[in-house]
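The structure appears right after this line, and notes come after that.
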Amino acid sequence: MRIGLITGGGDCAGLNAAIRSVVKHAVGAYGHSVIGFRNGWKGVAEGDIVPLTRQHIRGVLPLGGTLLGTARYHPHEANGLDAVQTTLEAERIDALICIGGDGTLHAASKVAERGINVIGIPKTIDNDVAGTDASIGFHTAVHVATEAIDRLHTTAESHNRVMVVEVMGRHAGWIAVNAGIAGGAELVLAPESPFDMDKVESFLRHRHRAHASFSIVVVAEGAAPKAGTSMQFEVELGRYGEIVAGTTGGRVASEIASRTGFDTRVTVLGHIQRGGTPLPADRILGSRFGHAAVEALKTGRSDVMTALRGERVELVPLAEVAGQVKYVPADLLAVVDALA
Ligand code: F6P
């Protein structure tokens with residue numbers, strides 16, 4: 001069997017572990033050949049191939065990023081499905097394994113509709129892919145954000161400041177909530193619960209009067225004010241690396257400073273959460289998903305995604321997860337509130 005392999009969408013830690021696992025298992029156990037395409041679906045549309053043998057994956061397990069490169073290109077939105085099909089036929093690809101977030105997996109389900117064998121593997125630091133308990137990259141991002149919060153704690157306390165830290169999370173607040181709990185943040189603003197700045201202000205005033213002279217406020221990039229409350233703004237997404245002044249964290253920080261007069265600073269973690277060495281949890285998840293994808297092909301499955309369900313890796317239909325967002329559940333949000 002000739003297996004094609006891509007990584008699409010934003011990069012994250014643990015992608016190379018998944019690539020390595022696919023190659024080692026497909027070649028080692030079944031004698032398949034694996035062909036990579038550079039830069040996600042774009043490389044498939046353009047026929048930009050790279051051979052993937054055991055030699056190509058040597059030493060990549062602890063490396064961040066993706067040795068295949070990635071891009072935000074979705075063939076079904078860019079009139080690229082014919083080009084994708086042409087390349088796959090020309091390269092005699094029997095099945096394509098697509099490692100990606102919602103956009104990449106949605107494209108995979110569109111490609112599968114053309115009768116092409118496709119297996120998805122979920123990755124995103126945002127952890128918002130539906131149907132799986134975790135996606136590759138999430139644990140490392142939470143670790144990075146938690147470490148940043150720990151560091152901000154000591155400087156916040158030394159200077160008696162409010163430190164606002166913005167973390168990634170466009171549609172869901174998984175990183176904000178988990179790093180907020182692990183780092184002991186005073187407040188966490190997540191997209192799941194639109195905030196009221198009057199309440200943020202009174203919470204901080206009360207805390208600074210009664211118990212402490214510093215605070216850590218974690219803000220997900222997609223957090224938004226509750227409609228009808230005193231502070232309103234539209235969240236601007238997809239502007240990382242472009243306009244830091246227009247960030248959600250920056251807006252929240254300047255509002256806190258002007259309302260309370262507290263000395264306030266903002267830190268936008270941005271792509272630091274995506275880069276660098278993967279934690280063991282992401283190396284292991286990537287390895288398990290890679291193995292499961294190859295096994296899925298062996299048993300003739302297609303149009304499914306590998307998914308962590310409790311302790312087990314299972315297969316779920318791509319059609320059930322594409323276009324869905326997995327939000328932080330109420331019981332986890334309640335833990336944040338209880339610990340404020
Ligand atoms: O991949 C998810 C994500 O990291 C989001 O949290 C963030 O909004 C976005 O990607 C940033 O994308 P880009 O790297 O294209 O600026």
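Placement of Cβ uses the backbone N, Cα and C atoms for every residue, glycine included.
With Arg72, Tyr73, Gly101, Asp102, Gly103, Thr104 listed by TrEMBL as binding ATP, the candidate from Gly10, Gly14, Gly28, Gly169 annotated for that site turns out to be Gly10. A Cβ distance below 6 Å to any atom of ligand 1 is met, among the binding-site residues Met168, Arg170, Arg265, by Met168, Arg170.
In space, Gly101 is the closest of the binding-site residues Tyr73, Gly101, Asp102, Thr104 to Ile272 (substrate binding site), judged by Cα positions. Those residues of the chain, other than Gly10, Arg72, Tyr73, Gly101, Asp102, Gly103, Thr104, with a C-beta within 8 angstroms of the mean position of the ATP site C-beta atoms are Gly8, Gly9, Gly40, His74, Gly100, Ala107. Nearest by CA distance to Gly103 (ATP binding site), out of the binding-site residues Thr124, Asp126, Met168, Arg265, Arg274, is Thr124. Separating the Cα atoms of Thr104 (ATP binding site) and Asp126 (substrate binding site) is a whole-number distance of 14 Å.
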